[in-house]
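Beneath this line is the structure, given in structure tokens, with notes to follow.
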Amino acid sequence: LTFPLLSVTLLVSFGSSMLYGYNLAVVNSPAVHIKAFYNATWGQRYGHGLAPGPLTLLYSLTVSIFALGGLVGSLLVGLLVEQYGRNGALSRSALLVLLAGGFMGFSRELGSPEMVIIGRSITGLHSGRLCTAPSSQLSPLQPLPRGLEKTSYSPQALWRGIFICLGVFSAQVLSLPELLGKDRFWPLLLSVVVVPASLQLLLLHCFPESPRYLLIERNDICGAIKALHQFLGTPDVQDVIEEMKEEQRSLSSMEMVSVWQLLRDHSVRWQTLSVVVVNAGMQLSGIDAIWFYTNTIFENAGIPVSQIPYTTVGTGAIEVVAGLIGCFTIEKVGRRPLIIIGFCAMGICSAGITVSLLLQAALPWMRYVGVACVVGIIAGFCMGPAGVPFLMTAELFTQSHRPAAYIVGGSLNWLCNFTIGFIFPFLQMSAGAFCYLVFCGVCLLVALYVYLVIPETKNKTFMEISHIFA
């Protein structure tokens with residue numbers, strides 16, 4: 001990678017994927033403070049505090065509405081990038097983050113829980129618009145895969161996974177009591193998102209627009225050549241231009257399949273079902289419950305309250321390492337083994353949490369088994385299920401079916417994310433330690449489906465993959 005190409009890739013990842021990871025984890029630590037603020041505000045308005053049930057409901061909405069915003073954003077991303085290009089799409093999304101940061105940052109001063117909820121929904125809208133976009137829509141050079149070549153792992157997908165892990169880790173570090181983990185700082189902790197968004201907004205225009213967008217969408221060959229010179233640092237870019245022109249001709253003669261047509265197309269029914277199972281399973285595996293409610297889980301496991309923030313940071317560090325291992329081994333190990341091993345590890349560890357909670361009264365050391373199981377769930381997720389489903393969606397379909405498949409997979413991702421974020425506190429109250437057996441069942445069933453149905457897609461063309469499914 002040349003320096004300009006590396007820089008813009010890092011900038012895009014920093015302002016989109018890292019913010020997505022940050023917003024997943026940032027509501028975990030200040031949960032007690034946010035609930036106290038909601039309760040106090042309600043008392044000032046109506047003369048009495050909130051009962052535990054409605055308070056839990058209001059906080060669950062605050063956590064999960066991020067995913068509803070993400071669902072809306074994921075449905076709009078294609079139109080946004082096509083109309084404004086990569087730089088325009090990123091700039092407008094960064095402005096959304098600044099607005100969201102303002103809402104959340106001033107919510108306590110204005111005594112408005114509604115501003116926190118609105119801010120969370122706007123950050124979700126930003127994440128849905130950028131984080132679930134296919135890599136080709138935001139990368140400077142990468143052409144859309146046409147299903148005719150051997151599939152290969154996308155460098156942009158690698159950066160995306162790493163930066164999501166870094167975003168989660170950043171939220172956990174900033175939530176330490178020595179930094180922004182105190183009661184008076186929680187609005188600032190939520191509004192830190194304006195920092196990477198501002199940097200992206202300031203620096204993005206130092207780089208040219210995506211050459212692929214300029215040539216294919218705007219038919220600006222001169223602009224594309226100039227941008228390629230800057231990105232590649234070489235005067236000879238004719239081969240890249242010819243490749244993009246070939247893609248432009250291919251796209252102009254190709255009829256794109258709608259979501260409804262995709263769901264009715266019997267020739268790809270197993271591929272579509274596989275996208276549904278893997279993307280839904282990725283969120284219903286319980287990983288969102290771990291990210292959203294880590295402190296509550298550790299508290300129930302018997303970890304002393306004073307040690308919980310540091311235990312959480314430790315799990316975040318392991319998550320980053322596991323993400324790096326998964327990203328750099330996927331081409332050697334393959335997609336199928338990583339996702340099967342990842343889901344199996346998550347299922348076993350979910351059952352382990354149940355066992356540790358049931359036995360911790362009799363065996364105090366079981367609390368550490370519970371922490372190890374949480375770490376196992378995170379490591380298993382980051383090594384396989386975190387990135388492989390997105391990659392598989394691209395590799396199971398031709399270009400005509402791929403946009404519709406991304407919509408199906410992305411919509412399920414956000415809907416299941418919302419479901420877990422909203423119902424987990426109530427599931428925990430009603431089922432107690434046994435609630436984790438639900439996640440165990442989901443993980444093991446998805447692993448079994450992948451083992452029986454989905455073939456290895458590494459180094460195979462779409463026709464080869466289609467023949468195996470048939």
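Don't overthink the numbers, they just go from 1 along the chain as shown.
Glycine too: its Cβ is placed from the backbone N, Cα and C atoms.
Owing to the predicted nature of the structure, the values given are computational and were not obtained by experimental measurement.
According to TrEMBL, the features are:
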type	residues	note
DOMAIN	9-458	domain 'Major facilitator superfamily (MFS) profile'
TRANSMEM	57-81	transmembrane segment
TRANSMEM	157-174	transmembrane segment
TRANSMEM	186-207	transmembrane segment
TRANSMEM	338-359	transmembrane segment
TRANSMEM	365-392	transmembrane segment
TRANSMEM	404-427	transmembrane segment
TRANSMEM	433-454	transmembrane segment
**Stretch of maximal Cβ-Cβ contact with the transmembrane segment (433-454) [cut-off: under 8 Å; candidates 57-81, 186-207, 338-359, 365-392]** = 338-359
**Request:** Go through 186-207, 338-359, 365-392, 404-427 and flag the stretch with the largest number of C-beta pairs under 8 Å relative to the transmembrane segment (57-81).
**Result:** 404-427
**Asked** Do you know the mean pLDDT across the domain 'Major facilitator superfamily (MFS) profile' (9-458)?
**Response** 84
